[in-house]
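Engineer: Okay, here's the structure, questions in a sec.
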Amino acid sequence: MLRKWEARVKQIEERASHYERKPLSSVYRPRLAKPEEPSSIWKLFHRQNQAFNFVKSCKESVHVFALECKRGNGQRIYLVTSYAQLWFYYKTRKTLLHCYEVIPENAVCKLYFDLEFNKLANPGADGKMMVALLIQHVCKALEEFYNVQCSAEDVFNLDSSTEEKFSRHLIFQLHNVAFKDNRHAGNFVRKILQPALHLIAEDDEAKVPEAVGQDASGFSVTPLKQEISEAREKVGLPKQCDPDLSFLVVKNHMGEKCLFVDLGVYTKNRNFRLYQSSKIGKCVSLEVAEDNRFIPKQSKDISEENQYFLSSLVSNVRFSDTLRVLTCHPSQTKRKRAECFNSTGTSVESIEGFQGSPYPEVDQFVLSLVNKHDIKGGIRRWNYFFPEELLVYDICKYRWCENIGRAHKSNNIMILVDLKNEVWYQKCHDPVCKAQNFKSTCSPLPTEVSLLFLLKDEDFTSGETDDTSTSLTKDSQTPPSCNLSAGGLSAAAWDDEDDALFLEATEDAEFADAADKSLGSMDDIPDELIIEALQNS
């Protein structure tokens, strides 16, 4: 028995020495080569809301992307990662071939368009000319309604046309201008295309065809002549007749009239195809169009291709003091006088109107900050910047500024709530404070308005291990559990268990060694393997 024990100890020592020379691989924690890049986050989720909840809990700047699966009927899984991390793998073009940006609900975004028509049903249509005329019309409308000047050089024009279908994406790169969210962008698009919608409605007196995408839009098909005239007068432009937008009316494969512009892409958490991605089952990817006139700014640290990629992202909008956020309501001519939201119910007219932000608890906290010193302030409007998880509140009736130690006489202030860093601070619209780039001292947020507290009731934890999510960085070699009886194991059973564990350890070492050799020649992990691992988890 002693001899057998000594032999076993010697065997253990030999194996320990072996593992010291060739240790088992630790859990892979990918990180980009540049030291300044943040730690890698790369997680997959079956459900979109879980992906967004995970993003909100992260201190890092991460985003949600949708990956189209080859299995199932249009099934998608959701990837959470940073722009830099995604581009690192995306640029190889060997994986992640069918990717979509998920445009977050309520988030400030760029103006964008999805254009398409059936070539066989429209043999005389000149797609390039139609795109050029549309850009010209949109630029003119932006100047008329908002006094925003732009041209074709500010429009990223992407093409994924085939022999059967003309298809384009337009993403406007407005200088220091963005829309409050994609719903407001959609309202603006519908408003400026009213003459074209009217032409379609004349062909079908009963209602606008479903292909036009007018369900629940809040717009009548009658052109908004009065509002357009008012907008022109506001910016000092002469009145004019409705523009001829007949070039936007095309026919679908059934021969029915429809709009060249897809009005269905301005919905909640819309999936919008990424630059250089293709639809599943299709071989044509979204590339820079031949007639594209937009050129991104040159940068020493970012390649031109990466710049194009970042420019194509609709929700890639960062907060700045000079950023102007545009709004467009479904029917501003029928808009009621809005109440300035405050705890006392004091009613004042709000130019933009106010509804609660995605975080009503934060709204109430901000109201508590501006209701003091016998002054009853309120929230004039808010804007949500998803990349930074930043809420920017324009305050009304409360003008106290930390920079000057008193209230401004006429200029209003802003309260900014940084949910990722759990702080709030004050800035203001006063020209002198803006010139100084003034920002007040950061103050911590109360626990009850921290993101972790706000998300506590969600079906989510930061370390998910259930069937609804998985991570590419998660260790897949989970050791089996051992069922021990209350009285322990017998000597024979101990020998069997020990041998089994030794065998398992040996197999693990051999597996790790084989994996190193097999993966050494691979540039990346195929899409099929990623999706199969997720579905089998």
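Cβ atoms here come from the backbone N, Cα and C positions, even for glycine.
As listed in Swiss-Prot for this protein:
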- 1-22: coiled coil (COILED)
- ARG76, ASP114, LEU115, GLU116, LYS165, PHE166, SER167, ARG168, HIS169, ARG270, ASN271, PHE272, ARG273, LYS279: substrate binding site (BINDING)
- CYS401, HIS408, CYS428, CYS433: Zn(2+) binding site (BINDING)
- 401-434: motif 'Zinc knuckle motif' (MOTIF)
- 462-481: region 'Disordered' (REGION)
- 462-536: region 'Interaction with RPA1' (REGION)
- 468-478: compositional bias 'Low complexity' (COMPBIAS)
- 524-532: motif 'RPA1-binding motif 2' (MOTIF)
Engineer: Counting distance between Cα atoms, which of the binding-site residues LEU115, LYS165, SER167 is nearest CYS401 (Zn(2+) binding site)?
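Structural biologist: Checking each of LEU115, LYS165, SER167 against CYS401 (Zn(2+) binding site), the shortest Cα distance is to LEU115.
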Engineer: So which other residues, same chain and not among CYS401, HIS408, CYS428, CYS433, have a Cβ within 8 Å of the centroid of the Cβ atoms at the Zn(2+) site?
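Structural biologist: These residues sit around the Zn(2+) site: ARG399, ASN403, ILE404, ASN411, ILE413, LYS427, HIS429, ASP430, VAL432, PHE438.
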Engineer: Write down the Cα-Cα distance for HIS408 (Zn(2+) binding site) and HIS169 (substrate binding site), rounded and given in Å.
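Structural biologist: Cα of HIS169 (substrate binding site) to Cα of HIS408 (Zn(2+) binding site) measures 45 Å after rounding.
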Engineer: What's the CA-CA gap between ARG273 (substrate binding site) and CYS428 (Zn(2+) binding site) in angstrom, rounded?
Structural biologist: 37
Engineer: Counting across all protein chains shown, how many other Cβ atoms sit within 10 Å of the Cβ of CYS401 (Zn(2+) binding site)?
Structural biologist: 21
Engineer: Fill in the CA-CA distance, CYS433 (Zn(2+) binding site) to ASN271 (substrate binding site), as an integer in Å.
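Structural biologist: One finds 39 Å between the Cα atoms of these residues.
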Engineer: Which residues of the same chain, at least 6 positions away in sequence, have a Cβ lying under 8 Å from the Cβ of CYS428 (Zn(2+) binding site)?
Structural biologist: ARG399, CYS401, ASN403, HIS408, ASN411, ASN412, ILE413, MET414, LYS434, PHE438
Engineer: Highest CB neighbour count within 10 A among the binding-site residues ARG76, LYS165, ARG273?
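Structural biologist: Answer returned by the neighbour count: ARG273.
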Engineer: So how many of the residues in the motif 'Zinc knuckle motif' (401-434) end up helix, strand or coil by DSSP?
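Structural biologist: Helix/strand/coil tally for the motif 'Zinc knuckle motif' (401-434): 4 helix, 15 strand, 15 coil.
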Engineer: Quiz question: given the binding-site residues HIS169, HIS408, which has the greatest number of C-beta atoms lying within 10 angstroms of its own C-beta?
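Structural biologist: Answer by Cβ density within 10 Å: HIS169.
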Engineer: When a 10 Å sphere is centred on the Cβ of ASN271 (substrate binding site), how many other Cβ atoms does it contain?
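Structural biologist: Result for ASN271 (substrate binding site): 19 neighbouring Cβ atoms inside 10 Å.
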Engineer: Record lists ARG76, ASP114, LEU115, GLU116, LYS165, PHE166, SER167, ARG168, HIS169, ARG270, ASN271, PHE272, ARG273, LYS279 as binding substrate; longest Cα-Cα distance in Å?
Structural biologist: 25
Engineer: Output, ordered by sequence, the same-chain residues six or more apart from LEU115 (substrate binding site) with a CB under 8 Å from its CB, or 'none'.
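Structural biologist: For LEU115 (substrate binding site), the qualifying residues are MET130, VAL131, LEU134, PHE166, SER167, ARG168, HIS169, LEU170, PHE260, VAL261, ASP262.
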